[in-house]
Amino acid sequence: MAIATEILRQAPKVLLHDHLDGGLRPQTIVELAAEVGHQLPAADAESLRHWFAESADSGSLVRYLETFDHTTAVMQTPSALRRVAAEMVLDLAADGVVYVESRWAPEQHLRAGLTLDEAVDAVTEGLADGMAEAADDGHPIIARQLLIAMRHASSATEIAELAVRHRKDGVAGFDIAGAEAGYPPTRQLAAFDHIKRNNGYITIHAGEAFGLPSIWEAVQLCGANRLGHGVRLIDDIEVTADGATVGDLAGYIRNLRVPLEMCPSSNVQTGAARSVAEHPIGTLARLGFRVTVNTDNRLMSDTTMTKEFAALAAAFDYDLDYVRWLTINAAKSAFYPHPDRLRLIEDVIKPGYAALGAG
Ligand SMILES: O=c1[nH]cnc2c1ncn2[C@H]1C[C@H](O)[C@@H](CO)O1
Ligand SMILES: [Zn+2]
């Protein structure tokens, strides 16, 4: 039986892969664009919401990424970054998210003269504003950030240094994103090296628009602690009538419990999966990989955590216990101190599901 949407919304959820510049409220984009004189492809919030969802629905990652020009354009000042970060936290809290690591690329927010450090400070303040307001509203949430270096740019080491410098401000880790084909993770080896030398945490967008070599480099050469997407890992698995043959790379990832940050709707839009029902998450979860469920870009995919879980539950017949398992997977995989993670699981997630009759 399908889980009621309202139950899914109330269920505590953990979100590890959500882009700050992929989750703006359409109305906020309209207002910020008017302030800075940025020309938008649609005039009002509702048309803009449709424009993003339709434009991102091309089957190509490169075209999907073009839509971000209109979100980053309006996120160039401290007040805009602070507002967008605070609204992100409030929107997620209202959707039942209790812990989020929000990722963004500071280098894309310097056009109006901000320094990298000023940009991070503005987002840190916005996250704090959002957490305080959400707690006042009765929806406590922990919001941290991951800093991204764009894989085509040359400033990755600078961003890695920025991430290390701001780790006490809730910067939980480092990632690379952007077009994957032609930009292997090893291109940014020095940046990953800097993170590792400083005992920092790494997640890498890999195995989305490109396949196993990208995942292999990310894990074995760049030290990824988690994988963004990793959907193409399925290419290393042969499902047979009586089980599955798991290749060496997939076996390594499963054995060491490397978390996979799966984003079903986004993958359908960029062509990494044909449909949610055919998404590799079904097989990977069944085979015991450390699978987590994520939104990627709520604006471009017109999605929420509740919608992602509803789509998966419908496709794979998941019940609330399964949603709880996926949520605990995500909590265990967070770049968050181990005792805090345990407290999140024991004091928030388990009681939250128990109250809804699961666990
Ligand atoms: O799914 C994605 N794959 C690769 N890059 C992505 C994805 N979603 C967003 N990005 C890019 C576009 C954003 O401007 C950037 C920073 O969040 O990260
Ligand atoms: Zn992403």
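Just so you know, glycine gets a Cβ as well, placed from its N, Cα and C.
Under the heading active site, proton donor, TrEMBL lists Glu208. Classification of Glu208 (active site, proton donor) by DSSP places it in coil, neither helical nor stranded. All protein chains considered, the CB of Glu208 (active site, proton donor) has 27 other CB atoms within 10 Å.
Sequence-distant contacts of His205 (Zn(2+) binding site), defined as residues of its own chain at least six apart whose C-beta falls under 8 angstroms from its C-beta, comprise Arg151, Asp175, Ile176, Ala177, Gly178, Glu180, Gly228, His229. According to TrEMBL, the Zn(2+) binding site annotation covers His17, His19, His205, Asp296.
Of all Cβ atoms in the protein chains displayed, 25 besides its own lie within 10 Å of the Cβ of Asp21 (substrate binding site). As annotated by TrEMBL, substrate binding site applies to His19, Asp21, Gly178.
Among the features that TrEMBL reports, domain 'Adenosine deaminase' is placed at 12-350.
Packing around His229 (site 'Important for catalytic activity') is summarised by its Cβ count: 28 other Cβ atoms lie within 10 angstroms of its Cβ, all protein chains included. Here TrEMBL flags His229 as site 'Important for catalytic activity'.
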Practice item. Could you tell me which three-state DSSP class Gly178 (substrate binding site) falls into? Key: coil
Review point. What are the other residues, in sequence order, whose C-beta lies within 8 angstroms of the center of the C-beta atoms of His17, His19, His205, Asp296 at the Zn(2+) site?
Key: Asp18, Gly22, Arg103, Ala177, Gly228, His229, Glu261, Cys263, Ser266, Asn294, Asn297
Revision key, fill the gap. Cα of Asp21 (substrate binding site) to Cα of Asp296 (Zn(2+) binding site), in Å and rounded, measures 10
Practice item. Return the members of Asp21, Glu208, His229, Asp296 (the recorded positions) with CB less than 6 angstroms from at least one atom of ligand 2, or none. Key: Asp296
